[in-house]
Amino acid sequence: MSWIERIKSNIAPTRKASIPEGVWTKCDSCGQVLYRAELERNLEVCPKCDHHMRMSARNRLHSLLDEGTMVELGSELEPKDLLKFRDSKKYKDRIASAQKETGEKDALVVMKGTLHEMPVVAAAFEFSFMGGSMGSVVGARFIRAVEQALEDNCPLICFSASGGARMQEALMSLMQMAKTSAALGKMQERGLPYISVLTDPTMGGVSASFAMLGDLNIAEPKALIGFAGPRVIEQTVREKLPPGFQRSEFLIQKGAIDMIVRRPEMRLKLASVLAKLMNLPAPSPDEPRESVVVPDQEPEA
């Protein structure tokens, strides 16, 4: 036996390090590898480049509303395949797949609660559910949110993240544009504030209806906001679009939105604006709140 073989025989093999899944993630913008817990503390905003990653509807609402005050509305509403629609896959199968993947029944989650002790109703889109597309259930839940705000005489906040109307529901989906817009007219008649927060992306029938009808339209940084996508527009007009076209920074220069607010500052900004609109005392800054993985719970109707 050679001296090299004698040394090798005395070396014990090391155990392969096991790293649990989900501990690290990668920023889609700068490519930086990030510690998942740090990213959650920063509300899914990259601490290196300030890129605002997509956030689940429940985590967004839980990071906005005061703890222990949240009650879900419209959770009993579920989508139905009334048209027996089928493209490359049956619509009912797409619904089942999206429900299994996200744990949600449809693409909009509505809750009532308090924001800095101020009663509010808040809605948020779950983009992972069929691209946050708007169907009959999304419209019905949004109207439920409006009705609850009217009943409680309180403001309504909606966080949009949608690709637009859900093609599998055809005309029933397009009807929601008119229904939701008409419902907001009742908020205006009562003088109750409706704040629309546009997140990445807010497109199609959602941007063409209630997402742009806020008394105040706020956007997150670099959010894609528009009706048709940039690629479709370029192919139609056969011209190169200007840099940053349809991004929130471009839109605020053109007067299409009112302000851009970073996600970690959103809770206090919304509370401050609503306090002014409702003639209430200005809220005090609170401790930074992190995004948490919300466990599955039986929601209250």
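Glycine too: its Cβ is placed from the backbone N, Cα and C atoms.
Note that the coordinates shown come from a computational prediction; the quantities given were computed from them, not determined experimentally.
In the predicted model, residues of the domain 'CoA carboxyltransferase N-terminal' (23-292) average a pLDDT of 95. The domain 'CoA carboxyltransferase N-terminal' annotation in Swiss-Prot covers 23-292 and rests on sequence analysis.
Taken from Swiss-Prot, the feature zinc finger applies to 27-49.
Under 8 Å, Cβ to Cβ, and six or more positions away along its own chain, C46 (Zn(2+) binding site) finds C27, S29, C30, Q32, L34, L39, H52, M53. Annotation comment: Swiss-Prot describes C27, C30, C46, C49 as Zn(2+) binding site, evidence class sequence analysis.
What Swiss-Prot lists as region 'Disordered' is 280-301.
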Reduced DSSP assignment, C49 (Zn(2+) binding site): coil
C49 (Zn(2+) binding site), number of other Cβ atoms within 10 Å: 12
Surrounding CB atoms that lie within 10 Å of the CB of C27 (Zn(2+) binding site), all protein chains: 18
Residues flanking the Zn(2+) site, with Cβ no more than 8 Å from the Cβ centroid of C27, C30, C46, C49 and excluding those residues themselves: D28, S29, G31, Q32, L34, P47, K48, D50, H51
